[in-house]
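Undergrad: Have a look at the structure that comes next, please.
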Amino acid sequence: MQIYKVGGAVRDRLLGRPVTDIDWVVVGASSDEMLARGYRPVGADFPVFLHPQSGEEYALARTERKSGRGYGGFTFHASPEVTLEEDLTRRDLTINAMAEDEQGRVIDPYGGQADLEARLLRHVSPAFAEDPLRVLRVARFAARYAGLGFRIAAETLALMRQLAESGELQALTPERSWKEISRALMEPNPEVFIQVLHDCGALAELIPEVEALFGVPQPAAHHPEIDTGVHVLSVLQQCARHRQPLSVRWACLLHDLGKGLTSEADWPRHIAHEARGVPLIDAVNQRFRVPRDCQELARLVGEYHTHAHRALELRPNTLLELLQSFDVYRRPQRFEEFVAASEMDARGRLGLEQRDYPQAAYLLGAAQAARAVSVKPLVEKGLKGAELGEALKRARLAALKAYKEERGKA
């Protein structure tokens, strides 16, 4: 029985990056032997065990064979006879197909160290094309390591195109797709993830609503980058630079979907694109069974982001309606995330990344002014029901009028 450290832990150590999760592979052992040593079984599809002391995962060396469509269409074989090299050959990229023995020696049968030096993301074998999930994984690794100069090997990108064209991506479960997408959006360069999916044809299969934005022009006066797809990439880049949470990044990815529906005759203007985009945002959210907080914010950002850009011009009653749309009195964080997403949208324009966005402070101040209105004096007057609601609305409107006047004097 031999135990090897494998995958990301080996890769990240060689890159000089922090090692967080450690995976182990066990060669020459059976499930019975693992149980006898106190390991606890946790694998549903293949033999994976938790170490009795550390709780880390130890998997028996295994091979896999394509037996159906999609990510789950594989038959696994684990036995003491499976070698380390056979186990490593089933992995996606050469940089993930390295192992380290108990003496710290690196076992590298597929050139992972050379590809690390060359900053190359390259597949291990033609079997790469059997698993559609690997398209998303490689795009995610590209987003993670773009800052280190990594690029995808041409032959690997060709296999990714082959997978996209095969229709296999449609066999991925919504949950598995969302897991990869959400992880990728939180990488240092999330825009690279979307760019790679666009380049290999996978974006058209997975999120055609975003794919449709590439090549759609916007007014150069407001968007020097012109191309709407390029704008979305720039907005995601700003999200990463400003360390925005997943909900904001997801909303920013989808905020301009309505522009993909504008007829060419109306280009480069996109009148009412916000309202047109809402059904598309809903469809994408449902397709991937996106968590509720991300769904809600994406929908609201899509519908109201131009309100944020025009915040300084909004009348107090329009501003009050905006705050009520976000239920800002009970859910202030959602409004704060909306403001953040709108600012990322404004900054995601070529040459305007550093421009001030006074709308952010203005909107947050307006929310604070409206939330500061207390219902207590109105209740003490004996108001209740609809009458109380109307009185509270008038008080909040008065507070916003005073706020706007005060800001106008500043």
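Cβ atoms here come from the backbone N, Cα and C positions, even for glycine.
These figures come from a predicted structure and were not determined experimentally.
Taken from Swiss-Prot, the feature ATP binding site covers Gly8, Arg11, Arg91, Arg137, Arg140, and the record attributes it to sequence analysis. What Swiss-Prot lists as CTP binding site is Gly8, Arg11, Arg91, Arg137, Arg140. What Swiss-Prot lists as Mg(2+) binding site is Asp21, Asp23, and the listing cites sequence analysis. Residues or ranges marked as domain 'HD' by Swiss-Prot on the basis of sequence analysis: 228-329.
Map the listed features onto the structure and describe their local environment.
TA: In the three-state DSSP classification, Arg140 (ATP binding site) falls within a helix. For Arg140 (ATP binding site), the same-chain residues that are 6 or more apart in sequence and have a Cβ closer than 8 Å to its Cβ are Glu180, Arg183, Ala184, Glu187, Phe193.
Sequence-distant contacts (6 or more apart, same chain, Cβ under 8 Å) of Arg11 (ATP binding site) comprise Ile95, Asn96, Met98, Gly112, Leu116.
In sequence order, Lys5, Val6, Gly7, Gly8, Ala9, Glu56, Glu57, Ala59 are the residues near Asp23 (Mg(2+) binding site), counting only same-chain partners six or more apart with C-beta under 8 A.
Averaged across the domain 'HD' (228-329), pLDDT for the predicted model comes to 96.
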Undergrad: Determine the minimum-neighbour residue: among Arg91, Arg137, listed as binding-site residues, which Cβ has the fewest other Cβ atoms within 10 angstroms?
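TA: Lowest Cβ count within 10 Å among the binding-site residues (Arg91, Arg137) is Arg137.
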Undergrad: When secondary structure is assigned with DSSP, how many helix, strand and coil residues does the domain 'HD' (228-329) contain?
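TA: Residue counts in helix, strand and coil order: 77 helix, 0 strand, 25 coil.
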Undergrad: If you pair up every Cα among Gly8, Arg11, Arg91, Arg137, Arg140, the residues annotated as binding ATP, what's the maximum separation in angstrom, rounded to an integer?
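TA: Largest Cα to Cα distance for the ATP-binding set is 15 Å.
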Undergrad: Which are the residues of the chain, Gly8, Arg11, Arg91, Arg137, Arg140 excluded, whose CB is within 8 A of where the CB atoms of the ATP site average out, their centroid?
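TA: Close Cβ neighbours, site residues excluded: Gly7, Asp92, Leu93, Ile95, Asn96, Phe141.
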Undergrad: At a 10 Å cut-off from the C-beta of Gly8 (ATP binding site), count the other C-beta atoms across all protein chains.
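TA: Its Cβ has 18 other Cβ atoms within 10 Å.
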